[in-house]
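Here is the structure we will look at, set down as structure tokens.
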Amino acid sequence: MAAESNGSLDLSVFLTGIPGLEAQHGWFSIPFFTVYIVAIVGNNLIMAAVQADPALHEPMYLFISMLAVTEVGVSVSTLPTVMGILWFDARQIDLDGCLAQMFFIHTFSCMESGVLLAMSYDRFVAIYSPLGYTAILTLPRIICMGLGITLKSVTLMAPLPVLLKQLPYCHTSVLSHSYCLHSDLIQLPCADTKLSSILGLAIVLATFGLDSLLIIVSYVLILYTVLGIASGEGRRKALNTCVSHICAVLMYYVPMIGVSVMHRTAKHASPLVHTLMSSVYLFVPPVLNPIIYSVKTKPIRQGIFTLFSCKRKFL
């Protein structure tokens, strides 16, 4: 199938659709495409509302906009192969394209974790020091945080496709999903992948593991601060500002933990179960986050309404 070149193989990789339900791919394409439209349009609306409304140029809303950027990035990274399989049964992808998709999926996922951590810090500062909130989280600092999260994600993920590209592939390469993930790709080379596996684990611990731990620490400090507020109404209002972020964190980390547990403890489960769990992890947060923030955050909701009102005036 492929010719060896510079110690590696220039080959194609075959993706998998929905196991056992290939004949129904056309029907499944409708909800999947709807999910993509809702995710991409919803998150772009949040970004446009924050950019257009000066009243939303505050730390909390800027972080929400950053989260929307990562959600769009994840959605756009998986869309071509997922819809290509469901619409055209286009299961074949060249190795370079697969490695590029893997890089972007994991990079945007890492960025999303970093933004969720930054948002937990934002909530802590807002509750612990409300008077100094805007003085601490200035625009230059927020920009530096965003650039730092991006740089960290790109730097950590860049070695993964480079290492996999150097390895030889000596058999038909079939992945278990309709997109390329590192955990799938390291199973394919007919050479020692210990370095790639160790690096992947180290990256997971240094990003998702550390981020989740720091988010928990942030909420312990938030809870400690809230309990020090004298009035019950004040405590309720303070905690209410964290509800949307808590939902976003749970929607991100719970499916991720579920996928990880499934891979390790339920290897013999139906491939359909693994596919559904991975789909929940990648597709649910981009869809629900803009809905939650639009419903729970009144200024965001008003900004979106204002955006549509302005467009109608121009029309």
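Using the three backbone atoms N, Cα and C, a Cβ is placed for every residue, glycine included.
Tertiary proximity for the transmembrane segment (27-50) is limited to same-chain residues at least six positions away from its ends with a CB under 8 Å from its CB atoms, namely 18, 21, 56-57, 61-62, 64-65, 68-69, 71-72, 75-76, 79, 82-83, 86-87, 283, 286-287, 289-291, 293-294, 300, 303-304, 306-307. Annotated transmembrane segment per TrEMBL: 27-50 (among others), in sequence order.
Look at TrEMBL and you will find 42-293 tagged as domain 'G-protein coupled receptors family 1 profile'.
Residues annotated as transmembrane segment in TrEMBL: 62-87 (among others).
What TrEMBL records for 99-119 (among others) is transmembrane segment.
The feature transmembrane segment is assigned by TrEMBL to 131-151 (among others).
Residues or ranges marked as transmembrane segment in TrEMBL: 198-226 (among others). Same-chain residues lying 6 or more positions outside the transmembrane segment (198-226) and placing a CB less than 8 Å from one of its CB atoms are 110, 113-114, 116-117, 120-121, 123-124, 127-128, 152-153, 156-157, 159-160, 163, 182-183, 186, 235, 238-239, 242, 246, 249, 253, 256.
Same-chain residues lying 6 or more positions outside the transmembrane segment (238-255) and placing a CB less than 8 Å from one of its CB atoms are 67, 112-113, 116, 119-120, 123, 126-127, 208, 212, 215, 219, 222, 225-226, 229, 277, 280-281, 284-285, 288-289, 292-293, 296-297. Look at TrEMBL and you will find 238-255 (among others) tagged as transmembrane segment.
Here TrEMBL flags 275-295 (among others) as transmembrane segment. For the transmembrane segment (275-295), the list of distant contacts is 16, 18-19, 32, 35, 38-40, 42-43, 45-46, 64, 67-68, 71-72, 74-75, 78, 105, 112, 176-177, 179, 181, 244, 247-248, 251-252, 255-256, 258-259, 262, 301, 304: same-chain residues at least six beyond its ends, Cβ to Cβ under 8 Å.
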Which residues, given as numbers and ranges, are at least 6 beyond the ends of the transmembrane segment (131-151) yet have a Cβ under 8 Å from it?
57-59, 62-63, 66, 111, 114-115, 118, 122, 125
Could you give the residue numbers and ranges of same-chain residues that sit at least 6 residues beyond the transmembrane segment (62-87) on either side and whose C-beta is under 8 angstroms from one of its C-beta atoms?
15, 17, 25-26, 28-29, 32-33, 36, 39-40, 43-44, 46-47, 50-51, 93, 101, 104-105, 107-109, 111-112, 115-116, 118-119, 122, 139, 142, 146, 149, 178-180, 248, 282-283, 285-286, 289-290, 293, 297, 300
What mean pLDDT does the predicted model reach across the domain 'G-protein coupled receptors family 1 profile' (42-293)?
92
